[in-house]
Amino acid sequence: MSQLFNFSAGPAMLPVDVLKQAQEELLNWNGQGVSVMEISHRDPVYVHMAREAEQDLRDLLNVPDDYEVLFLQGGGRGQFSAVPQNIASPDATVDYLDTGIWSGFAIREAEKFVSKVNVAGQVQEGAKGKEIQSPENWKLSENAAYFHYCPNETVDGIALHEIPDVKAPIVADMSSNILSEPLDVSKFGVIYAGAQKNIGPSGFAIAIVKKSLLGHPQKQVSSIMDYQLQAKDGSMYNTPNTFAWYLAGLVFKWLKAQGGLTAMGERNRHKAQLLYDFVDKSDFYRNDINPAYRSIMNIPFQLAYDKLDAEFLQGAKNQGLLGLKGHRFVGGMRASIYNAMPVEGVEALLNYMADFERKLG
């Protein structure tokens, strides 16, 4: 079978080398004679692997020593409620930048746990397409407990490439762009990310939390969502998702072998530029995001005629190009090109798009 390329927004494509290693080790991990899924999370061999994975992640992101790195359950949505319960009091005001579907979900969840959620800014229509309001137009609270934003919205493919300059501790939902390029972690109070896009399989999340923000959780926060408790127990207060942690560790080593985040950033920008250049030059395809705010991870595009969508998707599937259907809220197409997507996959998609346009455009 020829190689397939999975453009799904998540769960997403994983590096082939990682999958092959996991396959080889599935029945006999690390010489233990059993699968990694069958070993206790308290076993010294497993604990060593878990700590090594954490250190590799710290190395990749240059995480300062005054931050905890937590491996948690519940995915990104679990963090929507964990964040306000851990770093804001019930009577607090918090600022949220509303840049899309996932920001909206986070806002509605936060409203359950704090007195006021202030929407500081949002997406607007500009002369060059959809864009995020300029920071000078944001309406920030004077004493916000934190400022939350999602730097990369997967549904619309809109991104904020500059870290906001605000007084409050910054919380970022990086579920879809973590590890895609270098990042200055020291500018953030909390970074969290669901795993199923650039880290590993679905069902768990990473949270990177500044230690100075810990220690004052709301009374009702569940123990497994308590950042300080999980940090104290090395993310093993409850039995973690042992296989996902292991697989994430393999991904971190793969990223190091690729040259780290500087190399990945260059590769990802190149892949995205290939797609955007093709779409912008075409009269058959279009992208409605202002180029200054375009995502390098998720590239939505529309066909000239909606009636051709089903035919486009079936033809793509026949060519081994999977997961291109756009989100149900917006329709059209979407190519998610996370770290594991090789440039060859993007080139295969472009060849198919050009051929489809020649035949039906």
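Every residue gets a Cβ built from N, Cα and C, even glycine.
With G76, R77, W102, D173, Q196, N238, T239 listed by Swiss-Prot as binding pyridoxal 5'-phosphate, the candidate from T93, T154 annotated for that site turns out to be T154. A C-beta separation below 8 Å, combined with a sequence spacing of at least six in one chain, links G76 (pyridoxal 5'-phosphate binding site) to W102, D173, S175, Y192, A193, G194, A205. A helical conformation is recorded for G76 (pyridoxal 5'-phosphate binding site) in the three-state DSSP classification. Here the CA atom of R42 (L-glutamate binding site) lies 9 Å from the CA atom of T239 (pyridoxal 5'-phosphate binding site).
Residue annotation for pyridoxal 5'-phosphate gives G76, R77, W102, T154, D173, Q196, N238, T239. The furthest Cα pair among them is separated by 30 Å.
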